[in-house]
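> Have a look at the structure that comes next, please.
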Amino acid sequence: MGEDSDMTEKPLPATIIPMRELSTQSSPGTPPLPQDDYRPQLARTLSAPPYTIFTHRTKMFIVASVSISSLISPFGATTFYPALNDLARDLHVTPTLINLGLTTYMIAQGIAPAFIAGMSDNNGRRFSFIVCFVIFTIANIGLALQTNYAALLVLRMVQAFGCSAAIALCTAVVADIATSAERGKYMGYATAGLLIGPAFGPTIGGILDQYLGWRATFWFLAIFGGVLLVMFTALFPETCRNVVGNGSIPARGVNLSILGNIQQRRHARETQSEEGLDQASIQLSVKRRKMGFPNPLRTLKILGEKESCIVLLYNGCFFTGMIGFATPIIPVLYEEIYGLNTLDIGLCYITMGMGSLTSALTTGHIVDWNFRRHAKRLGMTITKGKQQDLRNFPIERVRLEVVVPGHIVGTLALLAFGWTLKFKTALAGPEVALYFVGFGVSTAFNITNTLILDLHRDRPATATSAVNLVRCLMTAVGAAVILPMCRAMNPGWAFTLVALVYVALLPVVFLIMAKGQRWRTELADKKDRAQIAKEAAAFVVDAEASSRHGRHPSHKEEKVPSP
């Protein structure tokens with residue numbers, strides 16, 4: 001939790017400081033300078049660097065880009081929903097087996113980000129985006145050409161791996177460029193594509209299937225993936241803080257883009273004109289990471305933390321109501337009850353997307369307002385562009401107070417959706433319910449995602465992949481069981497059972513608000529003690545090795561861990 005320091009001071013100008021203050025930046029074999037050596041050297045002392053150097057316009061471009069890119073996940077899952085019956089007839093299988101393809105897709109989509117997230121936290125967001133877009137494009141070309149059910153299942157899993165960039169990296173990019181005080185707004189914009197995609201994907205798929213056939217849906221996705229690949233390769237700047245810091249560290253190789261290069265040059269000119277410094281002089285301590293193989297076990301480690309695990313299970317369970325329960329049954333039940341064709345069925349998803357879009361554009365501002373309200377109550381100063389110290393701040397209460405109304409709205413809407421289908425009301429009945437399903441579920445999903453990022457600011461992509469793992473596995477189960485439930489009971493009682501589960505989930509929200517801050521403090525103290533013990537053990541080993549070789553510890557080995 002040491003990163004959450006309160007950066008409210010203004011940066012000091014370039015000045016002349018003693019060389020002894022720069023001794024920690026010397027090479028490993030260089031002896032420390034004497035304490036009275038005051039040879040003047042140019043350096044830059046920063047007491048409070050900005051959280052990011054990206055301008056507001058650049059941040060909005062970045063957020064808009066990841067929001068558009070996040071469409072590939074719901075588009076990949078839902079564009080062929082209206083064509084389920086046509087696809088089953090052409091491949092000579094049952095609709096239940098085609099729905100099994102959705103289940104395998106969600107399972108693969110849940111596992112893949114565990115690999116992509118670790119790679120992006122170490123090697124950068126751009127590289128991960130590019131790799132995933134290439135895989136996504138190739139998989140869709142294969143799906144458009146395949147002719148049997150086995151190929152459909154395999155290629156759908158490959159397609160899901162390509163979609164994982166949108167899931168693992170979308171919210172991680174927001175954590176790279178936005179402080180906790182403004183994160184709610186940017187999270188709403190960034191996840192808008194992920195949430196409205198399930199509405200417009202089936203609409204696009206319905207139009208394509210109606211006039212061009214189901215293969216056209218996969219050709220559309222292949223073209224969309226190719227456009228994203230070109231756009232991100234040329235324009236998207238690197239944002240990963242482990243690679244470019246707050247954006248002031250020059251990107252290299254695959255991490256360098258046209259827009260990123262322009263931003264770097266602008267920042268260098270401003271730095272030189274305002275402070276008379278060469279840009280390289282403020283990067284003496286930068287250590288570039290080598291390309292590393294992703295470690296998916298880091299995702300599972302987050303699930304082992306008490307507070308994070310509870311938030312993740314809540315997030316996944318509630319999101320399943322929209323994507324795992326409501327979305328998959330629309331093609332089957334709407335055709336049976338209302339006699340709609342594929343195009344009409346696709347259009348019926350728009351209302352849910354409008355609810356999700358309304359949530360994305362409004363609740364983020366409410367979350368940021370609630371942050372400012374609590375900060376004022378506690379006497380915390382919020383400085384624009386500076387990250388706040390959250391160690392003693394009730395961030396759980398700040399976020400989840402806005403979740404409660406969304407939870408209630410989403411639960412009641414799912415209940416209404418089931419019973420309007422049961423009584424075969426006018427089509428407007430389930431459509432109005434779907435709007436509020438989209439609004440309520442998206443509100444809870446967005447805000448709990450933001451909370452997970454607040455808890456894991458040092459590894460946002462890994463935290464997001466944990467969200468995705470739980471969400472996709474639960475959604476896969478939901479998509480597999482909801483249609484048999486509706487057949488065995490009826491839609492009304494099936495969604496009543498779902499609503500009762502969500503009523504039981506509501507106390508979990510209040511539990512996190514009541515005990516989350518204490519759990520977070522206990523975990524931070526535990527990590528601090530483990531780090532101190534690790535440093536102390538390393539110091540003892542170095543001291544013993546030095547004594548065996550009859551030499552004094554180097555200046556690096558003289559660093560004793562502070563209690």
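Cβ from N, Cα, C; glycine included.
According to TrEMBL:
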- 62-517: domain 'Major facilitator superfamily (MFS) profile' (DOMAIN)
- 1-39: region 'Disordered' (REGION)
- 543-563: region 'Disordered' (REGION)
- 61-84: transmembrane segment (TRANSMEM)
- 96-115: transmembrane segment (TRANSMEM)
- 127-145: transmembrane segment (TRANSMEM)
- 151-174: transmembrane segment (TRANSMEM)
- 186-204: transmembrane segment (TRANSMEM)
- 216-236: transmembrane segment (TRANSMEM)
- 311-334: transmembrane segment (TRANSMEM)
- 346-367: transmembrane segment (TRANSMEM)
- 400-421: transmembrane segment (TRANSMEM)
- 433-453: transmembrane segment (TRANSMEM)
- 465-485: transmembrane segment (TRANSMEM)
- 491-513: transmembrane segment (TRANSMEM)
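Each of the listed features needs to be described in terms of its position in the shown structure.
Residues 54, 95, 98-99, 102, 105-106, 109, 129, 133, 136, 140, 159-160, 162-167, 169-170, 173-174, 177, 186, 189-198, 201-202, 204-206, 208-210, 214, 217-218, 220-221, 224-225, 228, 231-232, 235-237, 239, 259, 323, 327-328, 330-332, 342-343, 345-346, 349 of the same chain lie 6 or more positions beyond the ends of the transmembrane segment (61-84) yet place their CB under 8 Å from a CB of it.
Long-range contacts of the transmembrane segment (127-145) within its own chain (CB-CB distance under 8 A, at least 6 residues past either end) are made by residues 69, 72, 76, 116, 119-120, 151-152, 155-156, 158-159, 161-166, 168-169, 215-216, 218-219, 221-222, 225-226, 228-229, 232-233, 236, 254-255, 461.
Sequence-remote contacts of a segment are chain residues at least 6 beyond its ends whose Cβ falls under 8 Å from one of its Cβ atoms, and for the transmembrane segment (151-174) they are 62-63, 66-67, 69-73, 76-77, 87, 91, 100-101, 104-109, 112-113, 115-117, 120-121, 125, 128-129, 131-140, 142-143, 183, 186-187, 190-191, 193-194, 221, 225, 239-240, 449-450, 453, 460-461, 463-465, 467-468.
Packing against the transmembrane segment (186-204) from elsewhere in the chain are residues 59-60, 63-64, 66-71, 73-75, 77-79, 81-82, 166-167, 170-171, 173-174, 177-178, 217, 220, 322-323, 327, 330-331, 345-354, 356-357, 359-365, 438, 442, 445-446, 449-450, 453: each is 6 or more residues past its ends and has a CB under 8 Å from a CB in it.
Cβ atoms under 8 Å from those of the transmembrane segment (311-334) belong to residues 77-78, 81-82, 84-85, 95, 99, 102, 106, 198, 202, 302-303, 340, 342, 344-345, 348-349, 352, 407, 410, 414, 417, 421, 434, 437-438, 441-442, 444-445, 448-449, 451-452, 455, 466-467, 470-471, 473-479, 482-483, 486, 491, 495, 498, 501-502, 505, 508-509, 512 of the same chain, restricted to positions at least 6 beyond its ends.
Same-chain residues lying 6 or more positions outside the transmembrane segment (465-485) and placing a CB less than 8 Å from one of its CB atoms are 96, 99-100, 102-104, 106-107, 109-111, 113-114, 116-118, 164, 167-168, 171, 299-300, 302-303, 308, 312-313, 315-317, 319-321, 323-325, 328-329, 332, 449, 452, 494, 497.
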